[in-house]
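Notes follow once the structure below has been shown.
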Amino acid sequence: MKFLDEAKVYIKSGDGGAGAVSFRREKFIEFGGPDGGDGGRGGDVWVEVVNGLNTLIDFRFQQHFKASIGQHGMGKTRTGAKGSDVVLKVPVGTQIFEEDNETLIMDLTKEGQRFRLAAGGNGGFGNAYFKSSTNQAPTHANPGLAGEEKTIWLRLKLIADAGLVGLPNAGKSTFLATVTRARPKIANYPFTTLHPNLGVATIDGREFVLADIPGLIEGAHEGVGIGDRFLGHVERTRVLLHLVSAQEEKVGKAYKTVKAELDAYGGGLTDKPEIVALSQIDVLDEKELKKKAKELEKACGRPPLLLSAAAHIGMTEALRALRDIIVSASNGGDTALPDRSMPHESEVEEEDDRL
């Protein structure tokens, strides 16, 4: 499945149906009076979080969504039917922004969550509504009100427990493929990973989700390489596993390069718990390994984990370290997802403005 994490979408709710101008006509009733019914309300545009999706690719092929208009009113004071709704189905972790792509409307973090993006227009009143003591036979009715139309942005931030970060070819995809059933592309050239990958790791009966994102290089926050656009996918994680390849000539500099890019991006990434690991250690002899481990320890301020996904060295220790932080964060609630289930202004009932 192809990956898309941002989409621009045009939506329009249905117009309200027009009220009817009608008079009661029955045998032996000369002046039956008005009986025009009200128009039906236009259909709404909703967004719904569904299970089984991890991309916005469907919105590459359809960007326009329009709900149906309400049915017009009819005689015998029959109200028109409401227009059919349109539902945009999105993955967990989707954020909705205004057209400026900056103003957040809603952050959808739970399966089954629904939110009304655009309310249908009210139906117009039929002429029966306007009957009064001074106007026994009104000959006018209201048209239906127009529905709402707007352009919005959908932005996906994958929800994972732990995120893998590092320079290109640091062994992130190999680590993910080794500890989960994910099958990311793995090759010996930079930027093999072009989009985020998710996998479920299990250790001592505990499962958690890992996210692998494309590698960062110096200047990524300014668009160098693939840039830092995928860092949003690790914003929601509880812990980062920072892999530094043992094949780097200067592992300390490699570590600081990625840390600088995380700091430049912001989003609280540098405040997250971080586990540092020297990866691909199977390519070094013992003397070189000690030297680089010491250099990396000096850069990050603590002894790094030593691991090799290819040789299955240190994998269990890394998974247990991740699990411990995830469990601790879950119990403490410090990194829980924000509760944005409060109604937006579009969910609040508006005053009847058909008059």
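Heads up, the Cβ atoms here are built off N, Cα and C, so glycines get one too.
Swiss-Prot lists 166-173, 191-195, 212-215, 279-282, 308-310 with the feature GTP binding site. When secondary structure is read from DSSP and collapsed to three states, K172 (GTP binding site) falls in the helix class. Around the Cβ of K172 (GTP binding site), a 10 Å sphere holds 31 further Cβ atoms from the protein chains shown.
Residues or ranges marked as Mg(2+) binding site by Swiss-Prot on the basis of sequence analysis: S173, T193. Counting every protein chain shown, the number of other Cβ atoms lying within 10 Å of the Cβ of S173 (Mg(2+) binding site) is 24.
If you look up Swiss-Prot, you'll see 1-159 marked as domain 'Obg', on the strength of sequence analysis.
The feature domain 'OBG-type G' is assigned by Swiss-Prot to 160-327.
Residues or ranges marked as region 'Disordered' in Swiss-Prot: 333-355.
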Between S173 (Mg(2+) binding site) and Q280 (GTP binding site), how far is it from one CA atom to the other, in Å? 12
N169 (GTP binding site), Cβ-centred 10 Å count of other Cβ atoms over all protein chains shown, is 23
Cβ proximity for Q280 (GTP binding site), under 8 A, sequence spacing 6+, ordered by residue number, returns A170, G171, S245, A246, Q247, S308, A309, A310
